[in-house]
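Working notes for the structure below.
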Amino acid sequence: MSGSYDDSVGVEVSSDSFWEVGNYKRTVKRIDDGHRLCNDLMNCIHERARIEKGYAQQLTEWAKRWKQLVEKGPQYGTVERAWCAFMSEAEKVSELHLEVKSSLMNEDFEKIKNWQKEAFHKQMMGGFKETKEAEDGFRKAQKPWAKKLKEMEAAKKAYHAACKEEKLAVSRETNSKADPALNPEQLKKLQDKVERSKQDVLKTKEKYEKSLKELDNATPQYMENMEQVFEQCQQFEEKRLRFFREVLLEVQKHLDLSNVASYKNIYRELEQNIKAADAVEDLRWFRANQGPGMSMNWPQFEEWSADLNRTLSRREKKKAADGVTLTGINQTGDQVSQPNKHSSSLSVQSNTVQSVQSSYNPFEDEEDTGSTVSEKEDNKIKNVSSYEKNQSYPADWSDEESNNPFSSTDANGDTNPFDEDTSPAMEVRVRALYDYEGQEQDELSFKAGDELTKMGNEDEQGWCKGRLDNGQVGLYPANYVEPIQ
């Protein structure tokens, strides 16, 4: 073995063996690597915890949004409860993933951080105490043997130089014998040079062999000391490896929800809710509450009476004196409800028609649109359900093939006040201030807050022609709406 020690002149290293002088530095570097690996493991766990938190938040938002949509949608009965069970599952799983995030950060992350702090001690001048102790231990164990190695390398170099000089002297002497120009004195000097070279070779060889023997004698002790320091480094690294294994097992337990009893119960409950969905029960409920099972006040013979309430037609409303309150006003929102004097004398059947929005496609490619993510989320909430549970349907019907509310004559033969309007059509978006239920076929029905399009100007009797967002066109009282700013 040959090499160089830090205090010696650089000698080319002949091998990559641990026993070569200075090659213990790889073992020392492993201590610094251990500290960095602790940081890497903490960063790894921290990123996973962030993913768990983000997933939990997304599950919660998804469950909240879809629960509202299903509850407001047309689905009913046991199938609705089965559908909502999916949202309940998401909320519970979200809580479990938040617990996973908490365990990763409060237990695993902190455990590694504390162990790293106890295992590695920083020095004032930089580096770690454990690294310096290993470095000093290897240098101390290697120094005596490295000193003898240095002496042996010097002796070998001197011996090889003497051998070279001897060979050169013998060559010169041999060439001089064939040269007649040399006198005996010059020849004598060459012969003496050869003799001295041979003696130098013997001396350097003896010294080289002696230093090599001393190096060989020192090798067992050198190996023993180096082994001792190396084992100390092995024990330190063993603690880190065993600790990493222990931490990774704990992380695995925190991530594995398959063994968590509450996790299994979530899906057991979900399965029960889905299996509890009963089509027969739902159809029976719908029959009783929305179908033939509903009660009905069938018409019966009634004697005429002058005191009987009657329904005012729109034409009678036009002729009515100022100050008479129109029926069908249901103030909502910030409007305060006022008792209607004529409400007891009016019988109005709702024919409110809500616009059917185009259904949202959950599999539509988001990259095809220019809207932002937040805008898409708003659109999903607004458009994913086309109907609401309490949706009312038109009560008016006719056997006639055409039912144009804007024909030249209405039900009583009067002319349509809008037929004579020759002014250019002017459309303005307006918002309803009150609920209004159409009294006749050519009148619109809407709720307070609904938006519609005003077509043309107000007539002399205070009526306007308008169009709902679903395309229905009809009349409505002008004072029931306000322009949208």
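Along the chain as shown, the residues are counted starting at 1.
Keep in mind that glycine also has a Cβ here, set from the backbone N, Cα and C atoms.
Just so you know, TrEMBL annotations are computer predictions that nobody has curated.
Lifted from TrEMBL, the feature list:
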- 187-218: coiled coil (COILED)
- 327-342: compositional bias 'Polar residues' (COMPBIAS)
- 343-359: compositional bias 'Low complexity' (COMPBIAS)
- 382-393: compositional bias 'Polar residues' (COMPBIAS)
- 403-415: compositional bias 'Polar residues' (COMPBIAS)
- 11-282: domain 'F-BAR' (DOMAIN)
- 425-485: domain 'SH3' (DOMAIN)
- 314-422: region 'Disordered' (REGION)
Worksheet, complete the sentence: The answer for the coiled coil (187-218), taking Cβ pairs under 8 Å and residues 6+ beyond its ends, is 144-145, 148-149, 151-152, 154-156, 158-159, 161-163, 165-166, 168-170, 172-173, 176-177
Worksheet item: When the pLDDT values for the domain 'F-BAR' (11-282) are averaged, what is the result?
Response: 89
Worksheet item: Under DSSP, the domain 'SH3' (425-485) has how many residues in helix, strand and coil?
Response: 3 helix, 28 strand, 30 coil
